[in-house]
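Undergrad: Just dropping this structure here.
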Amino acid sequence: MNKLALYCRIGFEKETAAEITEKAAEKGVFGFARVNNDSGYVIFECYQEGEADRLAREIPFNQLIFARQMIVISDLLENLPPTDRITPIIEEYNRIGSLVNLHRTTELFVETADTNEAKELSVFCRKFTVPLRQALKKQGYLAFKEVKKSGLTLHIFFVKPNCCYVGYSYNNNHSPNFMGILRLKFPPQAPSRSTLKLHEAILTFLSPEEERKCMNESMYGVDLGACPGGWTYQLVKRGLFVYAVDHGKMAASLHDTGRIDHCPEDGFKFQPPKRSKIDWLVCDMVEQPIRIAALIAKWLVNEWCRESIFNLKLPMKKRYAEVQNCLQLITNELDKAGFKYHIQAKHLYHDREEITVHISVKK
């Protein structure tokens, strides 16, 4: 097996392809990406057999920005008989099992790309999952009792009703979510749907233990470009006191909590109160990404905050290059100032033409 499938948001196939090609080359693995615009996925084909499995183990999935999921896959199974799609899939897994220990598998996902065209196909996938799972269990798969994410997940990736890729992912280096998507319900108390972006970011970048430790009633936050309060809502919900910086009005429900101080100022000019220790800076301002990157770097280097989650709105062209420029600007400034830092970026499900970045720093 020499192929990876990477799911992504439609329209971001080129960025996903550029990123996986670069990350693979850093590991000394070379190949080429098959890209169909607006397909919602990319196939990366390695020149050498076995290297796709190596990439799936060695490229840290949490360091991939645009990929929602990373799967080692077979060649495309075509012309599956409508009366028995299961047998060819089982046969393919038995073949793969001679290369990888699939008796360490714990879960099955029967998936499609996240496109409007695939919605009808996803209905079939749901119905197909139960009989396929039963057939796989009869073969001894999906019964592994996992310890510390040591198992594998089986993936069937349908591109047409009679065509699919058969594959697997490593549980310690993948998205645990179906189709790589973390779906969240909109809280009716939140002032705007943008609240889902910060909610997903917190769940993506912080473990439950880290969230409890780093976001609580003893913490202070700043939300730049806060109006009407979608991101402020997520901080207040976790007990933080928030300086909400925006010339616009904040939702009355947030004022009623007594946990915000509305500062009607320019987010680029605002500085935190001198006697306040700011733990978190969040920012979802619509602005050139390089300006936002410079602003975040200034806050971190000046030690105005210790941790930040922010969005970078991406241009229509050369988006991956722009992301690299922005992250490089921030890391260069932190390196010059002698900070240790952890940085992670992700194109979240609730993001649109943007990515979300998390940075924590310490001297």
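Including glycine, each Cβ sits where the backbone N, Cα and C put it.
Look at Swiss-Prot and you will find LYS313 tagged as active site, proton acceptor. Summarising the annotation, Swiss-Prot assigns S-adenosyl-L-methionine binding site to SER194, CYS227, PRO228, GLY229, GLY230, ASP246, ASP266, ASP284 and lists sequence analysis as the type of evidence.
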Undergrad: Can you see whether DSSP assigns PRO228 (S-adenosyl-L-methionine binding site) to helix, strand or coil?
TA: coil
Undergrad: Between all pairs in SER194, CYS227, PRO228, GLY229, GLY230, ASP246, ASP266, ASP284 (listed as S-adenosyl-L-methionine binders), what's the biggest Cα distance, rounded to the nearest Å?
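TA: Farthest-apart Cα atoms in SER194, CYS227, PRO228, GLY229, GLY230, ASP246, ASP266, ASP284 are separated by 20 Å.
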Undergrad: To the nearest Å, how far is the Cα of CYS227 (S-adenosyl-L-methionine binding site) from the Cα of the residue listed as 'active site, proton acceptor'?
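TA: It is 17 Å, counting Cα to Cα.
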Undergrad: Just to be sure I understand: of PRO228, GLY229, ASP284, which binding-site residues have a C-alpha no more than 10 angstroms from the C-alpha of LYS313 (active site, proton acceptor)?
TA: ASP284
Undergrad: Would you mind ranking the binding-site residues PRO228, GLY229, GLY230 by how many other Cβ atoms sit within 10 Å of each Cβ and giving me the lowest?
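TA: Comparing Cβ neighbours within 10 Å for the binding-site residues PRO228, GLY229, GLY230, PRO228 has the fewest.
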Undergrad: Which three-state DSSP class does LYS313 (active site, proton acceptor) fall into?
TA: strand
Undergrad: Long-range neighbours only, meaning 6 or more apart in sequence with Cβ under 8 Å: which ones does ASP266 (S-adenosyl-L-methionine binding site) have?
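TA: When sequence neighbours closer than 6 are ignored, ASP266 (S-adenosyl-L-methionine binding site) has HIS247 within Cβ distance under 8 Å.
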Undergrad: Cβ distance under 8 Å to ASP246 (S-adenosyl-L-methionine binding site), same chain, sequence separation 6 or more: which residues?
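TA: The list for ASP246 (S-adenosyl-L-methionine binding site) reads ASP223, LEU224, GLY225, ALA226, CYS227, HIS262, CYS263, PRO264, GLY267, given in order along the sequence.
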Undergrad: Return the count of C-beta atoms lying within 10 angstroms of the C-beta of CYS227 (S-adenosyl-L-methionine binding site), excluding that atom itself.
TA: 19
